Amino acid sequence: MKKVTAEAISWNESTSETNNSMVTEFIFLGLSDSQELQTFLFMLFFVFYGGIVFGNLLIVITVVSDSHLHSPMYFLLANLSLIDLSLSSVTAPKMITDFFSQRKVISFKGCLVQIFLLHFFGGSEMVILIAMGFDRYIAICKPLHYTTIMCGNACVGIMAVTWGIGFLHSVSQLAFAVHLLFCGPNEVDSFYCDLPRVIKLACTDTYRLDIMVIANSGVLTVCSFVLLIISYTIILMTIQHRPLDKSSKALSTLTAHITVVLLFFGPCVFIYAWPFPIKSLDKFLAVFYSVITPLLNPIIYTLRNKDMKTAIRQLRKWDAHSSVKF
């Protein structure tokens, strides 16, 4: 009897180990099962991603090439564009190519890499948006101290902190998933890997993990958003007490900043902090977060900023002149 029991335990353990090793890839359910709709979405998001690459690289090239834009505000803007481009590139190319795939598959390691990069660039973007809010606060509320506070070393330090916090946030997120066992279903109801969706497939009770994800990403997102809203409210109150001609430019720049903050943090709050997820809404917000926001950011900053529009026109003239000489 003891021999039979020992053999049964040994068989169960070996079966468990085999099942745990079975999940070597995840399957994305995507956005739709309709082939016609997938063809339309492919063309739509292909154009969108092309716009993301072109628009964000245009901002970076314009800021680097125009000496009039060599200031802390535009330095931070160029880095925001790089982060936006990188964040979108983590998910958008895979989503676009999967529209023509029968099986939308990603390897287990590839899924972990996607989670890491998503939170790395997402966490970095939160910090740089806070830095941009701080930059506008100093420029408007303490203009006499602006050059002293926002010096070159401060800007480099801000970017080091931005990438450092993004890395720490990403590592802390990945630590939740890297040791999980996956032995059951491997279908992710999305078009990319993200921690809240992936941990639900683990062969264990994920309630505590869900709480930890909310405590990590959710609290960080909400606190950053509230901090930015408070700072922009203070700035708006300061602008109200200034003459109209002096406040119009500051208000225009500030409006662009607030719009970008709302576009980025709105979906993040619902994805990572909202306790009652809705699948259809989550997919829409995921698309908005990874494709729409990185496309709108360069449009908002170029259309509402006179200095950027002037610099882009100068860049076009220089490019046209170089082509003629060639």
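We number each residue from 1, going along the chain as drawn.
From the backbone N, Cα and C atoms, a Cβ is placed for every residue, glycine too.
Nobody curates TrEMBL annotations by hand; they come from automatic prediction.
Feature annotations, courtesy of TrEMBL:
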- 55-301: domain 'G-protein coupled receptors family 1 profile' (DOMAIN)
- 40-61: transmembrane segment (TRANSMEM)
- 112-134: transmembrane segment (TRANSMEM)
- 146-168: transmembrane segment (TRANSMEM)
- 218-239: transmembrane segment (TRANSMEM)
- 251-274: transmembrane segment (TRANSMEM)
- 286-303: transmembrane segment (TRANSMEM)
Which residues of the same chain, at least 6 past either end of the transmembrane segment (40-61), have a Cβ under 8 Å from a Cβ in it?
31-32, 77-78, 81-82, 84-85, 88, 92-93, 95-96, 99-100, 291-292, 294-295, 297-299, 301-302, 308, 312, 315
Same chain only, please: residues at least 6 beyond the ends of the transmembrane segment (251-274) with a C-beta under 8 Å from a C-beta of the stretch. Say none if there are none.
73, 122, 125-126, 129, 132-133, 136, 140, 194, 196, 213-214, 217-219, 221-222, 224-225, 228-229, 232, 235-236, 239, 281-282, 285-286, 288-289, 292-293, 296-297, 300-301, 304-306
Give residue numbers and ranges for long-range contacts of the transmembrane segment (112-134): same chain, 6 or more residues beyond its ends, CB-CB under 8 A.
73, 76-77, 79-80, 83-84, 86-87, 90-91, 94, 106, 158-159, 161-163, 165-171, 173-174, 177-178, 192-195, 198, 217, 220-221, 224, 227-228, 231-232, 257, 260-261, 264-265, 268
When the pLDDT values for the domain 'G-protein coupled receptors family 1 profile' (55-301) are averaged, what is the result?
85
